[in-house]
Amino acid sequence: MRPLPGALGVAAAAALWLLLLLLPRTRADEHEHTYQDKEEVVLWMNTVGPYHNRQETYKYFSLPFCVGSKKSISHYHETLGEALQGVELEFSGLDIKFKDDVMPATYCEIDLDKEKRDAFVYAIKNHYWYQMYIDDLPIWGIVGEADENGEDYYLWTYKKLEIGFNGNRIVDVNLTSEGKVKLVPNTKIQMSYSVKWKKSDVKFEDRFDKYLDPSFFQHRIHWFSIFNSFMMVIFLVGLVSMILMRTLRKDYARYSKEEEMDDMDRDLGDEYGWKQVHGDVFRPSSHPLIFSSLIGSGCQIFAVSLIVIIVAMIEDLYTERGSMLSTAIFVYAATSPVNGYFGGSLYARQGGRRWIKQMFIGAFLIPAMVCGTAFFINFIAIYYHASRAIPFGTMVAVCCICFFVILPLNLVGTILGRNLSGQPNFPCRVNAVPRPIPEKKWFMEPAVIVCLGGILPFGSIFIEMYFIFTSFWAYKIYYVYGFMMLVLVILCIVTVCVTIVCTYFLLNAEDYRWQWTSFLSAASTAIYVYMYSFYYYFFKTKMYGLFQTSFYFGYMAVFSTALGIMCGAIGYMGTSAFVRKIYTNVKID
């Protein structure tokens, strides 16, 4: 084995450069959140959009609202995560100072012509509401309302702000919309506001607690689903262990007895079972380049999921705009050597020679899938003039991360994988000529095993899927990452158990095509998750329109595919260890 000081040095240098490049972007905090008396407090206007379509958002001033008179304000620097999530912070123009009350005052006037009235009427008909920020605390308000007959429409013109402070920090913000004014063409509408400062006992670190919903996320159903999944894991692990231990013990006893027979008795005997394919079970999988790239990508997705959940459990990422996405991008880039190591080593063990091509496919498989979907949805967002349209500069930044961070780190991982664990070390010799696969019952066919393999893993997570979907597609903040970690562990255990059982029955039917079968049977969980997303869309939401529908099903396809690749890699890795173990313990001539 050759030493790799150069590769290790490159890995260390690349990782250090990556940290310096991306780590500052993982925090959305531009300020210290401390103020002096009379110091300026900025009210940012974010986006406006229909209530039932959370992702269909537009710039606040795309509606004909007017801007306050205050003009001097420092520029806001958005993070990568904010840019990708469509955050569009614009200065409101309102003059607000720390601990300085503002009596009701007019800050601007709307000259309401027919075009502006129609824009407001459309927004009110579609239940538009807007989001604002003060000191990174979100505030929501509705644009207006219609009368019972739907003939007259009214605009809320008075923003009554109550801001709580504890010491020199802002800990609470409340908005009350008042001043309902009927929308009549060719009239002038005065927009006004007031600010009331109140001393609060809320601690700064607890100021986001009001936005959480413990009654929803810690409902008895949530606890029961976790308990139910945990009991299923215990039952499944016990069942698998009992079946395999008893069955394998009988198999080993039968094979040991066969070893004691002479050649004539062995020829007359009825040989069957998984031992018969010992010369083919470690044969390289079909399409090894794609297979190894999928395994490497799945291992990386698992590493990203594990690290991000741990970080979210330690840090309250939900308190900063875009921090979850920024952290995920940073961790994905940083874990690129994991992809290269597992994908490159597997490809080398399977005798692959085009390792550079495999490295490129492994590095860009997931980014290409995500960027391709985002590119398609971006066209629709541009057509709708939605804030979700990704700016060109952000696209360039993402491409730079892919080519100058992910690709070099993936190369380092591939080189390490090929040199450290790329040599075949199978317990059985691979025959030169493949063994014919005998006919078997229909339910032992790989296609049937693949379709059925994802049912139990999906059953262990589908309740958690509801809470995750609701937090993303509705107006809930997901914060119970301990639940998510437990569900991830349960999913891994169930997936490995199911794929081991499926692989055992496949090998016992003397079918040695277990690599793709183990991967796809675990990955089929994604099919059930995507099918569940259809149920959630039609029965749990009131989404409508081309943009929101495309956004929903496009990114749900990305999420389901990534989950499937991760489960497939987990299933294959567990099954590979199982197959190696059982053939190591069998005496082969």
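Glycine is treated like the rest: Cβ placed from N, Cα and C.
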Write down the single range among 139-159, 328-348 that appears in Swiss-Prot as transmembrane segment.
328-348
Of Asn174, Asn419 (the glycosylation sites), the residue whose Cβ has the fewest other Cβ atoms within 10 Å:
Asn174
Hey, which bits of the same chain come close to the transmembrane segment (294-314), Cβ under 8 Å, at least six residues off its ends?
324, 327-328, 331-332, 335-336, 338-344, 346, 362, 365-366, 481-482, 484-485, 488, 519, 562, 565-570, 572-573
Report, in whole Å, the straight Cα-to-Cα distance of Asn174 (N-linked glycosylation site) from Asn419 (N-linked glycosylation site).
60
Mark yes when the transmembrane segment (449-469) and the transmembrane segment (328-348) have three or more Cβ pairs under 8 Å (sequence separation 6 or more) and no when they do not.
no
At a threshold of under 8 Å on Cβ distances, which of 449-469, 482-502, 519-539, 551-571 pairs most often with the transmembrane segment (360-380)?
551-571
Restricting to the same chain and to residues at least six past its boundaries, which positions have a Cβ under 8 Å from a Cβ of the transmembrane segment (449-469)?
216-217, 221-222, 225, 228-229, 232-233, 236, 476, 478, 480, 483-484, 487, 490-491, 494-495, 498-499, 502, 505-506, 517, 520-529, 532-533, 536, 540, 567, 571
Should anything in the same chain at least six residues away from the transmembrane segment (519-539) have a Cβ under 8 Å from its Cβ atoms, list it; otherwise answer none.
291, 294-295, 446, 449-455, 457-458, 461-462, 465-466, 469, 473, 495, 498-499, 502, 549, 552-553, 556-557, 559-561, 563-565, 567-572
